[in-house]
Amino acid sequence: MRGYRPTPVSNSTLSFCGSDNSSAYKVDNGLLNNGCFLDALGLVPHVFLLFSTFPILFIGWGSQSSKVHIHHSTWLHFPGHNLRWLLTVVLLFVLVCEIAEGIVSDGFNQSRHLHLYMPAGLGMLAAITSIVYYHNIETSNFPKLLIALLIYWTLAFITKTIKFVKYDDHGIGLMQLRFCITGLLALLYGLLLGVEVNVILRRRYMWFPCPTEVKPPDDLQDLGVRFLQPFVNLLSKSTYWWMNTFITSAHKRPIDLKTIGKLPISMRALTNFQRLRQCKSQQNEKGPVPLKGSRWIWLALRQAFGRPLVLSITFRFIADLLGFAGPLCISGIVHHISSDNHSALPPVKLLGVHFISSEAFLANAYVLAVLLFLALLLQRTFLQASYYVAIETGIKLRAAIQTKIYHKIMRLCTSNMSMGDMTTAQICSLVARDTNHLMWFFFLCPNLWAMPVQIVMGVLLLYSLLGVSALIGATVIVILAPLQYFVATRLSRAQKSTLEYTSERLKKTNELLRGIKLLKLYAWEHIFRSSVEETRRQELRNLRTFALYTSLSIFMNAAIPIAAVLTIFAVHVHVHSGTDFDLSPAVAFGSLSLFHILVTPLFLLSSVLHSTVKALVSVQKLSEFLGSTEIEIDQDPVVQTTATDNNNSNIKSVVRSASCSSQPARELISCTENKRIDFKQGHRLSHSCCSAEPAYFTEALSVFPLTLRDLSGQLTMIVGQVGCGKSSLLLAALGEMQKISGNITWNNILTACVFRKRGSVAYASQRPWLLNATVEENILFDMAPNEKRYKEVIEVCQLQPDIDTLPQGDQTVIGERGIILSGGQRQRICVARALYQHTNVVFLDDPFSALDIHLSDHLMREGILKLLRQEKRTVVLVTHKLQYLPHADWIIAMRDGTVQTQGTLKDIQCAEPELFEQWRTLMNRQDKENTTELKRKSFRRPMYSTDTLATEDEDEGKTSPSSKHETHSFATYLRAAGLLLLPLLVLSQLTKHSLMVAIDFWLAHWTSRVIAAQIESDCEFSHSSYLQVFCGLCALGIVLCLVTSLAVEWTGLRVSRELHCSLLRTIVLAPMRSTTPLGNILNRFSADTNTIDQHIPVTLECLSRSTLLCVSAVGVISYVTPLFLFALLPLAVACYFIQKYFRVASRDLQQLEDSTEMPLLSHYSQTIEGLTTIRAFRHEQRFKKKLLEHTDANNISSLFLMAANRWLEVRMEYIGAFVVLIAAVASISNALCSQLSAGLVGLGLTYALMVSNYLNWIVRNLADMEVHLGCVKRVSSLESVISRCDVIAAPAQVPAGWPKYGEIQIKNLSVRYDSSLKPVLRHVSAHIRPGQKVGICGRTGSGKSSFSLALFRMLDTIEGQIVIDGIDIAKLPLQTLRSKFSIILQDPILFSGTIRFNLDPERKATDQMLWEALEIAQLMPVVKALPGGLDAMVTEGGENFSQGQRQLFCLARAFVRKSSILIMDEATASIDMATESILQKVVMTAFADRTVVTIAHRVHTILGSDVVIVMKHGAILEYDEPDVLLEQKDSVFSAFVRADK
C-alpha cells in the first residue's frame, strides 16, 4: 500500500513479543496489564484443544451409533447443528480479520511481533479442529468426548473476556479495530459454549446417568435413499461435498435409476400431494363457500410451499448484498494503488504495540484483496443455496400438482374427451408444460424480490462514485428497459405462435406416420408431405420472427451496458473534468463492475415477468381442468352378501336396460319426456330383478324402464347395426356416461339391498387397450400368477403360436399401444385379460372384429361357452356375428339408439318374426354344425423380429456419445449451416470479443493518462481525443453485437430447415419394412427437432460467448501480471478434471431425466386412453401407485441433475474466486514493485471477476451442447437406419387409362419383406382375368395380405413378375403404379379434416361422386345428418365415429377412385353382418365390370366370387371356382366354409 509505510524490519529481530520494546517482558503492573501476556494467554485453550483432540482424531474410536444399518456418516445426532456451523464460519472469518489486522499492525514495528497474529493463527487451526472433531463425535455418536469441546469453549471465552476487559481498562475503544475483534471473539466463544451446554442438557449426556435415545431418520435406515442433501452437515450442504463420490463414480459406470436410488420421504410426490391437499382442505374450512377460480390454487401453493421460498429469497438477498463487495473492493484497490496519501487515522501505540483503525485496515490493498476473495466465496455459496432451495421447492410443487392432476383424471368423465371438450394432448400438455411453468416460476420468484434491492443499491453506489452522471446512465438503462420488455413480449408471442404451428405440424406428422401404409398404397404421401412442409414453412416463418427477437434480446443484453457506460463516461468527463470527481481508474473500473451487476436484474426482468404471465395462465388452465365434470363415484348400488374369498363374488347381474342414440340432444330430451316405453318380456321374478329408471345421458344415451329376470351366470348378447349404441350401453352400465336423470341399479335384490360402489368388471373394449409392458403383465393385469389358469387362457385365446414368434416369448415388451403386435393379437390379449380375472361379471365389446373365423369360433366355444359358463360368470357380449345368437341366454337388439326388443331367441322369434327371419338369413348356421371341431395350427409371421431389437439396442447404445460422435455431430450441424453463414458466424464472434477487449484496454489507457497528468503537471487534461476513440470503438462494438446475434440465430434457422427437410423426405420415401419404431421417429420430429430449432442456437451463442470471454480474461490478466500464468496451471488442471467428471455425470443425468419423463407422460396418456377399462376393473389405486413411482423417478433424476449443477457451479466459482485473489495479489505486488499503471490493475481485476462469473457457464453449456448434439446425431443417422428409399421416378410411357381391363398375371413370384428375412410368398403363379371377382382365404400368416401388398410393390421381389394389362409393374414408377389401384385395409384409418378431404385428398371428385360413394357405403344418412355434410369435421383418428363407421368411410374412399382393380383386405371385419351383406351386393353391382380381389376372415363373404385362392405358408394351396372346391369334401376351402356356417 501507499501512504503509511512500515518501518523496515530486520530478520534477526524476530521474537514472540518483539525486540523493539524494552517493556515487552516487564510485569511490574501485573501480568494481565501486559499486552504480550494477554496474547500469550490466548494460546492456552488452542494448545489444549490441539493436544487433546489430535490423538483421538488420528487414532479413532469405536462407534456407539445405532445398530440400525444407516448412512451413519450423515446422521446428525446433536441439536443446534446448523447454528454451530454458522458460528464456526463466522469465528473463522473474524480470526482471519484478526490475523490480517495483526500483520498490518506489525508492519509499523521495527521487529516482528508474533503475538499479534500467531495466537489468531492457532485459533484458526483450533476452530477447524473443533468442527472436524465435533463432526466425528456427532456421526459416531460418542457424546462423552464433548468434554474436550466444553473445556475449550470455556477457556477461550474466559481468555478473550479478560483481554477485552483489559483493553477497555487501558482506554482502547471502538476506534481501534483489535478491540472490536476481541469483543466479537469473546461473544462467539460464549455462544459456542452455550450451544455445547444446550446439547449436553437436552440430550442428558456426560454426567447424566440415562442419556436420551435418538432414532435415526427413516430415510437413513433405507439404504436405497442416496440423495443425502437434507441429512449431511452444513458444510457439505453448502459445497455439495457429498456429491463427490457420486460424480466421480459416474465416470466409471453409467448412472441409472438404481444408482440414484429413491427420494427421501419429504420429497416424494405423495408427501407433497398430501401437503397440498391438506392446505386446500384448510382453505375450504375457512369459509362456508369454497374458493372459486384459480385463487385457491395460489393460496394453497403459498401455504404448502411458501416457507422454503422465503428462505430462498433471504439467501438471495444476502448473496446480492455480498455481490457489491466486488466493485467496491476493486475501486478501493485501484484507488489506493493510484494515490500516495490518504486520510486514514495514524496507528496508536498502547500496551507496547500499535493499534490501527478500521479505516486504516481497509486502506490496505492486500486486505481488500483478501476481503474480496472471502466475499466472493460467501456470495457464491449463498447464491447457489438460494438456487437449490428454489428449484427443490419447484420440483416438490410440480410433483404435487402432477399427482393432483392424475387423481382428477381418475374421476374424469370420459364424455368430456369423446365429445372433444378435452383431449389427451391437452391433458398431457397440462402435465408436461404447465406444471413446468409453475416450477420455473418458483425458481425465478426470488428474483422478483431481489431485483429492486439490486437496482437501488447499484444506483446508490454508482452515484457515490460518479455523481450526477450515474443518474444519467441509470436513466438510459431505464429508458431502454421498456424496449427490452417490448422485445420480450414479442418474443413470447412469437414463441406461442410457433408452438401452435409446431403442434399442427406434429399432428400432421403423426397422422402421416400412422397412416403411412395407406398413403403409400394410394400414392398420397406427396399430398401429406406437402401439407407437413407447408405447415413447416409457416412454422419457420414464426421461427424467423422468434429468431429475430431472440437476436434483438441478445443484442440488447450486450449493447445496453456499452451504451450506458459510453453515456456515463461522456457525461462524466464533461461535467467533472478537472475536479476531484475526474475520471480515474478507480472510478472507471469500479463503476464498470457495478454496471455489470446493475444490468443483470434489468435483463432478468423480462424473463421473470414472462415466467409470471405463463404461470398465471397455467394456473388458470389448471383451475379449469380441476373444475371439469367428474363421474358419480358412489352412485352404483350392489347387494350385500356373505363375504367370500373373492370380493367381487357378490355381483350377480348387470343392468341391461340402457340404449344409445345418435340423435341430437334436444330431440332425445323431448323423446324421453313425451314417450315412455315399457318393455316387459320374459318372467318377472319377485325375489330378483334388474331395472333402470328413465334416464338421459349427455352422450345421447337414453335409458328406458325395463324389467329383467335374474341373468347371473348367463350369457347376454347385444346386437344391432353400426352406430346404434351397443358400446354406449356397456359404458352407461359402467357409469362412464353423464347421467341427467334416472338410476342404474346393480344387484337390486329386494330382501337385502345396500348402496355402495360396484365391484370389479372384466371389460374388453372394442378398441384394444394394452399397457406398455410384457404380454404376461398385460394378461395378468396385477392379478396373482396362476400357471394353470394362465396356460388355459392362453390356449383359449390361441396366443401360444403368437407368443412363440416373439423374441422373449410372453416376457416381450409389446410397446406403446401394443405397437409390435397385429390388430388380432392385441384384441386377443385384451380378451385373455378379461378371461383371466376372477370377476363375476365380464363385458366383451365386439371381441371378434379383428379375428378370423377359426379364432372367433375357438374363442367363442372354448372361452365364452366353456370356460366362463363353467365358472358361472355373467357375460355381456356385444357382437356382429349373428351365428352365435343361438348360444345366448338373453338377447338385446338395438336400433337407432333404442332397445328394439329383448328376450331369448325363441321369444324374439314370436314377438318379432320379421327381425328373426332377417337374422336367420344372415346367420346361415345349423345347430348340427355347432359342434364341428376344427383341428388347426396357426402359422404366423413374427411381428417383432430380432432385427428390430438389435436396432433398438444399438440406438440405446449410442445415447452415450464419445468425443468422435460429438465432433461428427457438430460437423453435421455446421455443414448444414452452409458456406456463407459459417465464416460470418466465426469472424463476427472473434471480431466482437477482440473489440470488447480493445474498448476496455483503451479505457485503462485513458484513465491511466488522467492520473499521470494529475501527477506530472497542473494543466488541465484534455479528454476529447480519448473520448472520440472510445465512442468509435463502442459504436463499432454495438454494431458487431447485432451482427453476431443475427449470425447465430440465422445459422440455427438454416440448419433447422435443412435437417427437417432431409428427415421428412427420408421418412416419407422409406420402405415399410424399416424396423425403426414409430415412437422413435415421432421423437425425431418433436423433441429433437424442437431442440435443433430453439435450443442449439442459444446454447451455441452462450457457449461461444462464455468461452471467448474467459479466454479474453485470462489473456488480459496474463498480460497485466505475467506471474498469473504460474498459478494458472494448477487452476486449469482443477478445471479440467471438474469439467471432465461433471460432463459425464450431467449427460447421464439429463438422459435419465428425459428417459424417466417419457414413461411419466406415457402413463398419463395410457391412463386416459384406458380410463374406462381401469375403472371397470377397479384398478385406480394400482395406477395411482404406478404414477407415484414414475413421478418420483423423474423427480429424483431432476434433483440429482440440479445438485450436480450446483456442485459444478460452487467449484467453478470457488476457482474463479481464487483467480480473483491471485490476480489481485499479483497486480498489487506488480504495481507496488514495478509501477504498473492503476488502469491496468483495474482492467485485470475487472476481467478476473468476469472469469468468476462465466467459468461455470462454459462447462454447463458444453455439457448441454453435448446433449443437444445427440439430437443432431439421431436425426442425421436415421438415414443409415433406414436402408433405402422408395425412389419416385419420372412417369414412364404408360398408356392412357391404364389399367383399362384389370387383367393380372402373376408368374413364379417370390417376395420378402427385407433382404434379411425369409420369403413370405414362394413361387406363386396366378392369372386373374379382367373383371373377375377373386376371393383369397387362408389362416393367419398364410400370406394373404402379402399377396395384396405385392401388387403395390410394397415388398422386395426375389424372382418372378407381375404383369397387369400387359405391363410389368416392376418397370413403372411407384407413384404411377399405386395411383391406379384402390385398396381397403383391415384397420380403418381416418385423418383429421373434413369428410370431403378423407374421401378425396386429391380433390378430383365432384360432390355427386362423393355422395354416390357414401350411398354405396351406407353412410349417406349419417353424413347428411351432420352439420356441414361433406364439410363436416372428422376429429383425429376419426374418434367422433364408431369403429364400424370408420370402416365404411374407408370403403367409400375406395369407391371414389373407381379404379379397374379393387383390393379388399378383410375390410368388413368391424361391420355387422347385415351391413356387410348389403355392401357385398353393392360392391358386386358397382364393380361388376372391374377386377375385385377380396381377402376375407369370414369365408361366406367370398362364396359369390368367380375364383377362390386358398393360401398356406406363402404358397397357393387351392385355386379354382368356389363351387368346384365345395364339391371336394376334403378340400381346405370346404372345411373353412363348414366352420364359418
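Every residue gets a Cβ built from N, Cα and C, even glycine.
A TrEMBL annotation is a machine prediction, not a hand-curated record.
Record features, source TrEMBL:
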DOMAIN    310-614  domain 'ABC transmembrane type-1'
DOMAIN    677-921  domain 'ABC transporter'
DOMAIN    995-1266  domain 'ABC transmembrane type-1'
DOMAIN    1304-1538  domain 'ABC transporter'
TRANSMEM  43-62  transmembrane segment
TRANSMEM  83-104  transmembrane segment
TRANSMEM  116-134  transmembrane segment
TRANSMEM  146-164  transmembrane segment
TRANSMEM  176-201  transmembrane segment
TRANSMEM  309-334  transmembrane segment
TRANSMEM  354-378  transmembrane segment
TRANSMEM  438-462  transmembrane segment
TRANSMEM  468-487  transmembrane segment
TRANSMEM  583-605  transmembrane segment
TRANSMEM  1214-1232  transmembrane segment
TRANSMEM  1238-1259  transmembrane segment
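The transmembrane segment (438-462) makes contact with the transmembrane segment (468-487), as judged by at least three Cβ pairs under 8 Å among residues 6 or more apart in sequence. For the transmembrane segment (583-605), the residues of the chain that approach it from at least six positions outside its boundaries are 323-324, 326-328, 330-332, 334-335, 338, 444, 447, 450-451, 454-455, 458-459, 461-462, 465-466, 470, 473-474, 477, 481, 484-485, 557, 560-561, 564-565, 568-569, 572-573, 576-577, 1000, 1003-1004, 1006-1008, 1010-1011, 1023, 1237-1239, 1241-1243, 1245-1246, 1249-1250, 1253, judged by C-beta separation under 8 angstroms. For the domain 'ABC transporter' (1304-1538), the mean pLDDT of the prediction comes to 82.
Highest Cβ contact count with the transmembrane segment (116-134) among the listed stretches 83-104, 176-201, 309-334, 468-487 falls to 83-104 (criterion: pairs under 8 Å). It is 176-201 that, among the stretches 146-164, 176-201, 309-334, 468-487, forms the most Cβ pairs under 8 Å with the transmembrane segment (83-104).
Counting only same-chain residues 6+ beyond the ends of the transmembrane segment (176-201), those with a CB under 8 A from a CB of the stretch are 78-80, 83-84, 87-88, 90-91, 94-95, 97-98, 101-102, 105, 123, 143, 146, 149-150, 153-154, 156-157, 160-161, 163-164, 167-168, 208, 348, 350, 355-358, 361. Sequence-remote contacts of a segment are chain residues at least 6 beyond its ends whose Cβ falls under 8 Å from one of its Cβ atoms, and for the transmembrane segment (146-164) they are 32, 38-39, 41-42, 44-46, 48-49, 52-53, 56, 123, 126, 130, 133-134, 137, 179, 182-183, 185-186, 189-190, 192-193, 196-197, 199-200, 205-206.
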